[in-house]
Amino acid sequence: MTLHLAVALDGAGWHPAAWRESPPDVFSARHWARLVAEAERGLLDFVTIEDALGLQSTLLDGDDDRTDQVRGRFDAVLLAARLAPVTSRIGLVPTATVTHTEPFHVAIGIATLDHVSGGRAGWRAQISPRASEARHFGRKEVPPLKPLGHEADPHVRELFAEATDAVEVARRLWDSWEDDAEIRDVATGRFIDRVKLHYVDFAGRYFSVKGPSITPRPPQGQPVVTALAHSRLPYEFAAAGADVVYVTPHSAEHARAVVEEVGGLSGELKIFADLVVFLGDDAARRKARLDELDGAELVSDAAIFAGTVTQLADLLLEWRRAGIQGFRLRPGALPYDLEQIARELTAELRGRGAFRHAYEAATLRGLLGLPRPLSRYAEVT
């Protein structure tokens with residue numbers, strides 16, 4: 001069975017000192033286009049683009065005063081739309097926060113991305129629990145984020161409930177135009193068939209959305225929805241509305257336990273494991289040098305790997321035997337570790353019969369083996 005491989009792109013890389021190794025212009029379209037082109041040459045399934053409603057920070061909540069790390073980012077959905085015309089097969093999965101934003105706006109943004117990319121759009125849905133980010137909007141008071149045990153925090157639970165509704169609203173809006181609603185019948189003067197546009201009539205605790213969308217149904221029908229999850233509450237969120245979940249096991253045994261827990265919530269989810277990776281014969285030395293520059297050893301929610309591509313391939317295949325279906329690799333430093341993934345790791349896996357030789361589908365859903373769903377509002381004949 002072929003592994004699914006994705007990369008998570010964030011600034012200069014996932015190590016906070018990565019920008020010092022080969023300083024990229026992280027605020028240029030050319031930088032991002034080169035990264036995604038490299039990933040596409042490696043035949044990866046998709047790239048994700050990180051985003052948030054606040055600046056990067058070493059603090060749990062609020063800005064820090066550090067000037068020696070990358071700060072600032074592009075809007076991920078707009079950046080993905082910029083990258084769509086310079087790519088042709090790889091999936092584009094921007095992060096879009098559902099807290100403080102309207103699902104209508106997110107839905108049409110992702111639908112537009114699916115149209116301009118020819119069916120290669122996805123969405124990483126995330127919440128924003130931080131009071132510092134809420135202050136950018138001023139709509140509601142948000143309590144300070146607790147450092148430990150925040151999953152039990154009623155405020156965090158409410159944010160996940162709101163996010164579940166937001167994903168459901170987006171999915172309904174994507175279905176609100178039937179596939180053949182746009183008819184462009186010059187003879188009768190009708191551009192659309194109005195009976196094939198539908199009200200979604202969503203009325204819930206957090207949103208009341210009439211619909212229909214202003215954007216025709218996406219080429220994939222439903223763009224791929226993804227979510228990062230570390231524990232039970234976000235697992236439940238992913239099971240309720242996502243197609244792909246990114247989990248963060250730290251061993252094969254842990255991966256097996258996570259697969260069992262997530263699989264018990266939904267047998268439909270594609271389960272990807274996240275790994276921060278530093279690759280090459282000198283990977284450990286490179287990471288140690290970056291740690292020294294940053295003044296602290298790198299810590300991460302995901303497991304951190306430093307070694308050769310052969311060793312990483314061994315690990316990926318071991319975790320696959322534990323039930324993991326794909327991997328979202330976080331390159332420690334860009335572009336080097338991405339190049340190692342796209343050129344060397346894929347070749348190693350291909351030699352073991354575990355990775356594709358060519359793209360086998362034109363859409364992201366197709367690459368992931370997800371069927372194209374019918375609109376829930378279409379009459380079945």
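Here the Cβ of each residue, glycine as well, is placed from N, Cα and C on the backbone.
Per TrEMBL, the feature domain 'Luciferase-like' maps to 18-290. Taken from TrEMBL, the feature FMN binding site applies to ASP51, THR95, HIS150, SER231.
Counting other CB atoms no more than 10 Å from each candidate's CB, the binding-site residues THR95, SER231 peak at THR95. Using a 10 Å radius centred on the Cβ of ASP51 (FMN binding site) and all shown protein chains, the other Cβ atoms total 20.
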